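Enquirer: Quick one: this structure, given as structure tokens, is what I'll be asking you about.
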Amino acid sequence: MIQDQANDLLAMKKTFTKSKWKPEEDRILKDYVIQYGDRTWTHVPKRTGLPHNPASCRFRWMNHLKPSLKKGPFTDEEEKRVLQLHAVLGNKWSQMAREFPGRTDNEIKNFWNARRMRLKGKGLPVYPDEVREQAIRTAAQYGVKVELLNAHYSQDSLMAGNVEKPQELNNLALNQCSPYYQSTLANVQPSRNRVMEPETTFPFTGGSAMNEQNPTLLCNPYVESTQEQLPDSHLFGNVTYSSPPMPLIHEVENLELPSFQGFDFHEEPSSFGAEQYNPMLNLEPHNTLVQSPLIGQTPTDFPSSFYDELLDELLESVVNGSLGEIPKTDTSSESQLFQSSLRSHTDATPDIANTTGYVGSNERNTTNDDDWIRLLLDEGFI
């Protein structure tokens, strides 16, 4: 028997259509409900032969064919009553329909949505002030929570576009840190994943050398700046520096080398007799990527070009196998330095000659013309 009912329902579904109701179909449905009542809608399509499903037959009867239905637009009293009930009940359309004989829940919902969209387009509030005040008193009388009413009112006000901007937002500056934000960040431990500090300065730069950052970084609690008077401050002045509180990634504290643009390595000692202060000697590279070698001071008695020219002439004479003219100097200091340089080059020239492959050591020892050391001795340099 259950199988037969299932087959009948399946056969009925195949015959159902989603077409509009015709006047002849409305007449057949109305006569059937008046004769048999509106209790059972499952057998209506089968008994009447209508090509509509039971739900469609019921909806058609309840919203269009029922004799007690009230047709036409809502009156002023009905509209005011809808506003009062909606302010308290919200979107409970079935409960609201009980207060309106002849009006269905679907009709009340359509009326409310159409009115709300119309007022929203004009920028007017959905609830009048007197309706809202009366709804609050009614809610308090029947024990309805006022918070629920305020929620409905604020929601409809937002949908109507009646939102005013607070005055406090007009005076709010960009990137402004509140005291609560600063006090909260002050207790946060610095992260170990920071690559660079917002403020990077180095000592021995003749003042404060820092990387200017965005002013918004002033709210960063990890930046700590201190001013200390270093030894021999008359050479460098006040130096401002900041050290990172925690190691950086891969135990690298800084990715940049210090700059010594303003420091003169050839500066004479001060008149007070103090030893010349070399900042390179006090730098202790620790866990850095590149370590700079120490740079010593070169003597300033002769220019560096003098040694370059002398070395070029000596190398040219060894390679070509002939001795060129060597400039003579009159000063005693120059001759002494020149003699010491020649002695140092006499030890290095045989190796250079052998590596070049032009002049052999045996040929240089047997030939008197190539004995340039003896010629130098004859000239009186040594």
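Cβ atoms here come from the backbone N, Cα and C positions, even for glycine.
When I checked Swiss-Prot for this same protein, it listed these features:
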type: DNA_BIND; residues: 41-65; note: DNA-binding region
type: DNA_BIND; residues: 93-116; note: DNA-binding region
type: COMPBIAS; residues: 329-343; note: compositional bias 'Polar residues'
type: COMPBIAS; residues: 352-364; note: compositional bias 'Polar residues'
type: DOMAIN; residues: 13-69; note: domain 'HTH myb-type 1'
type: DOMAIN; residues: 70-120; note: domain 'HTH myb-type 2'
type: REGION; residues: 326-364; note: region 'Disordered'
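Are these features on the surface or tucked inside, and what are their neighbours?
Expert: When DSSP labels each residue, the DNA-binding region (41-65) comes out as 17 helix, 0 strand, 8 coil, counted as helix, strand and coil in that order.
Across the DNA-binding region (93-116), the prediction's mean pLDDT works out to 90.
Per-class residue totals from DSSP over the domain 'HTH myb-type 2' (70-120), listed helix then strand then coil: 35 helix, 0 strand, 16 coil.
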